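According to TrEMBL, the protein has these features:
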- 1-40: region 'Disordered' (REGION)
- 53-168: domain 'Ribose-phosphate pyrophosphokinase N-terminal' (DOMAIN)
- K240: active site (ACT_SITE)
- R242, D266, D270, T271, A272, G273, T274: D-ribose 5-phosphate binding site (BINDING)
Amino acid sequence: MKTEATETVTPTTTTTEMQEATGSATAQATRAKGSTATSSRRRFSLSGDKHFKIFAGSANRDLAEKVCEHLGVTLGETKLQRFADGEIYFQLLENVRGADVFLVQPTCYPVDQNLVELLIMIDALKRASAGRITVVVPYYGYARQDRKDRPRVAISSKLVADLITTAGANRALFMDLHAAQIQGFFNIPVDHMFASPVLVSYFRELNMPNLTVVSPDAGGVERARHFAQKVDAPMAIVDKRRTDINVTEVMHVIGDVKDRTCLIVDDIVDTAGTLVKTVDALLQEGATKVYACASHAVLSGPAIERIANSRLEELVVTDSIPLRPEAQRVAKIKVRSVSGLLAATIESIHMETSVSSLFN
């Protein structure tokens, strides 16, 4: 057998977590400092349920532990190692026979590594006779490759869906998919949750006057419209043209933003090129301040430097993806936890109650 190269990964207990935006002085102080803020504690009724189990890969164990804390359960024990040649070794260290298992693993950077890890964990659960396997993927990698937009390209998002299903997943839970139609790529039940309750709560507390919600492109209009309704604000759209992969050219602003505080609402911040150009376009049109929020902080390449040097007031993201250390040092990047929402959604799936009612 191959030589193992890394240590066993075992669950640890989260030591601190700050309150969700609820108007408390603690939350307000946290925003002022620019530090990470997470959701307030809510206990559910799964602590004594022996047929309910949560496991996690290495992609975002902190989020999985916070979810477990909300649910009053312990993160399942596993052994996750890498051989000298980079191959992944995974072993469950507890019985899952007949259990309703939830596996938390966003397929964020490094995308391919985390995806293969997810597939191996699903296979291990299937071979250990888990009763039902629900993959909890807060961030779905390859979501932006959801169609043939050029000749002779793959529809990678569909391929990933096939891999997850073939590995043995019985159900999937995603948050803020880049394209909602990805749900149709799966032939297993899919639940699609949204981070908007957490983000809306944050900006409601700020009580910003003359607020206008902005969609950074035509594809995000529905998302921005929903957000605008929740914060009771008008909406504007930035018309852009993408000239190459990760390269965009902002064209013009549709809507009145003069003397307004603008809030850009998006699902993903990747290289932040679109974000920074949108900020500049809005300020050029007379906006007084520009804020932004996004569900997934991918923050690739020059993103962190671009955000730090931009005229953006704040970028508020969730912990669907672990924030890199260099991003944590940027005061204008702030994090809101979706662990409470994930816990409530997981409980609803396990108890066979409505998930959509959590977000209506």
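For all residues, glycine too, the Cβ spot is worked out from N, Cα and C.
With the fewest other Cβ atoms inside 10 Å of its Cβ, the least crowded of the binding-site residues T271, T274 in this structure is T271. In the three-state DSSP classification, K240 (active site) falls within a strand. Following the DSSP three-state reduction, the secondary structure of G273 (D-ribose 5-phosphate binding site) is helix. With DSSP classes pooled into helix, strand and coil, the tally for the domain 'Ribose-phosphate pyrophosphokinase N-terminal' (53-168) is 40 helix, 28 strand, 48 coil. In the three-state DSSP scheme, D266 (D-ribose 5-phosphate binding site) falls into the strand class. The two recorded residues, G273 (D-ribose 5-phosphate binding site) and K240 (active site), have Cα atoms 12 Å apart. It is 16 Å from the Cα atom of T271 (D-ribose 5-phosphate binding site) to that of the residue listed as 'active site'.
Model confidence over the domain 'Ribose-phosphate pyrophosphokinase N-terminal' (53-168) stands at 97, taken as the mean pLDDT rounded to a whole number.
Around the Cβ of K240 (active site), the number of neighbouring Cβ atoms within 10 Å comes to 19.
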